[in-house]
Each structure stands twice: as C-alpha cells, then as structure tokens.
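Here is what Swiss-Prot says about this protein:
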type	residues	note
BINDING	Asp139, Asp141, Asp143, Tyr145, Glu150	Ca(2+) 2 binding site
BINDING	Asp177, Asp179, Asp181, Arg183, Glu188	Ca(2+) 3 binding site
DOMAIN	37-72	domain 'EF-hand 1'
DOMAIN	126-161	domain 'EF-hand 2'
DOMAIN	164-197	domain 'EF-hand 3'
REGION	1-33	region 'Disordered'
Amino acid sequence: MLRPPPPSSVLTASAAAARPPASVVQPQRQAAHRRRAETLRLRRVFEMFDRDGDGVITPAELSGALCRLGARGEAPPAAAALDAVVAAYIAPGMAGLRFAEFEALHAELAGLGGRQAVAAAEAEEEKEADMREAFGVFDEDGDGYISAAELQAVLSRMGLPEAACMARVRDMIAAADRDSDGRVDYEEFKAMMAAGN
C-alpha cells in the first residue's frame, strides 16, 4: 500500500515548483543590483550638480557643473541644443530639475534620445557654420564687422539696385546695428538673419 507523502514534503515540493530556476533569478538580481547602483551613482552626480543643496538643479547649476567638467563653452550651438533638451524636462513652475527629472533626462540622453540630441547638436553646429560662412561673404576684410562699404560692394556684385545709394546701404546697416557703432558684428548679423526667417 502506498502512503501519501507527509504534508511538509508536499508544501516543499510545490514551493520548489513555483520558484523560478536559479538561471532566471540570478540575472534578475544582477539587473536589480545594477539599477540600484546606477540610481545611487546618479544621486551622487545630482547632489554634486545641486550646489546649493535645495534638491533642484537649476540651468545655471547644470551649466556651471558642465563647465567644471570641461563639457561646456566650446560649442555654443551644442550648448543651446542641450539647454533646449534640459528645459523640456523641467516641470512647469519649477526652477530646475528635481532628481526624478534628472534621472529621466539621463535615460533619454543615454538611449535613443542621446543620439537624437547629438544629431540636433550637429545640425545646430552645421547651421552655425553656414551662418559664419554667410557672414564671411559680407565681411570682406575679415575684421569681424560688416561695414557700409563692404555691404555696398557685395550688393553691387549681386546686381542689386540698393548698391547704387550709399544712404540706403547705411540704412540697412543701421537696421541691424544694435550697438549703434555703424557696423554689423556677427551676433547682430545672426539676429538679423533670424528675424528674417
């Protein structure tokens, strides 16, 4: 006659059957450990960037941290692209990024969004290079300014009637000349071109 197994062995056998094999559990534990370690690392970075310790990284604090790390200041178009990405993560009514937003921003920059941010920065750099090249066409002597005489010469080569009247050329310079020095520097040229688009 067969005897039924003792109740404790039935429970042990059913618990063992319900438990996933070690080959599944171990990678899950490792992944959870990596996530915790990454969160702790990000928390340390967040606290390092949050200079005043208020739990929010302002754009100024982020910019300062990136400067200290040597990742800011060399490519203004890339910096502008980064500023736009960061601004998208700042919650309405907040002065900066809280840890959860910082973590989400990090995830985007590390994943597909990071490649998109890089592509956007590269496109912005290309646009900047094109703008500098256009400025160079007008800045014939390369001194960093477009004078009325330089503008008149370029307009004349282009066959535009405005070149015939120096007063009209000076008016064109004055319209773009924000600091009233009688010539157009690169930033003024850029602002004029942006206003025209």
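The backbone N, Cα and C atoms fix where each Cβ goes, and this holds for glycine too.
Structure with Swiss-Prot features highlighted.
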residue : record                : DSSP (3 states)
Asp139  : Ca(2+) 2 binding site : coil
Tyr145  : Ca(2+) 2 binding site : strand
Glu150  : Ca(2+) 2 binding site : helix
Asp177  : Ca(2+) 3 binding site : coil
Arg183  : Ca(2+) 3 binding site : coil
Glu188  : Ca(2+) 3 binding site : helix
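Residues Phe138, Glu140, Gly142, Gly144, Ile146, Ser147, Arg183 surround the recorded Ca(2+) 2 site, their Cβ atoms falling within 8 Å of the Cβ centroid of Asp139, Asp141, Asp143, Tyr145, Glu150, which are themselves excluded. Those residues of the chain, other than Asp177, Asp179, Asp181, Arg183, Glu188, with a C-beta within 8 angstroms of the mean position of the Ca(2+) 3 site C-beta atoms are Tyr145, Ile173, Ala176, Arg178, Ser180, Gly182, Val184, Asp185. Listed in sequence order, the residues of the same chain lying 6 or more apart from Glu188 (Ca(2+) 3 binding site) and placing their CB within less than 8 Å of its CB are Ala176, Asp177, Arg178, Asp179. Same-chain residues lying 6+ beyond the ends of the domain 'EF-hand 2' (126-161) with a Cβ under 8 Å from its Cβ atoms: 76-77, 169-170, 172-173, 182-186, 189-190, 193.
Here the CA atom of Asp181 (Ca(2+) 3 binding site) lies 14 Å from the CA atom of Asp143 (Ca(2+) 2 binding site). Considering only the binding-site residues Asp139, Asp141, Tyr145, Glu150, the residue whose Cα is spatially closest to the Cα of Arg183 (Ca(2+) 3 binding site) is Tyr145. With respect to Cβ neighbours within 10 Å, the binding-site residues Asp139, Glu150, Asp179 differ, and Asp179 shows the lowest count. Across the structure, Tyr145 (Ca(2+) 2 binding site) and Asp181 (Ca(2+) 3 binding site) are spaced 10 Å apart at their Cα atoms.
Taking only the Cα positions, the spacing between Asp139 (Ca(2+) 2 binding site) and Asp181 (Ca(2+) 3 binding site) is 15 angstrom. When Cβ neighbours within 10 Å are tallied across all protein chains shown, the highest count among the binding-site residues Asp141, Asp143, Asp177, Asp181 belongs to Asp177. Other Cβ atoms within 10 Å of the Cβ of Arg183 (Ca(2+) 3 binding site), summed over all protein chains shown, number 20. Across all of the domain 'EF-hand 3' (164-197), the predicted model scores a mean pLDDT of 91. Remark: secondary structure over the domain 'EF-hand 1' (37-72) totals 23 helix, 1 strand, 12 coil, with classes taken from DSSP.
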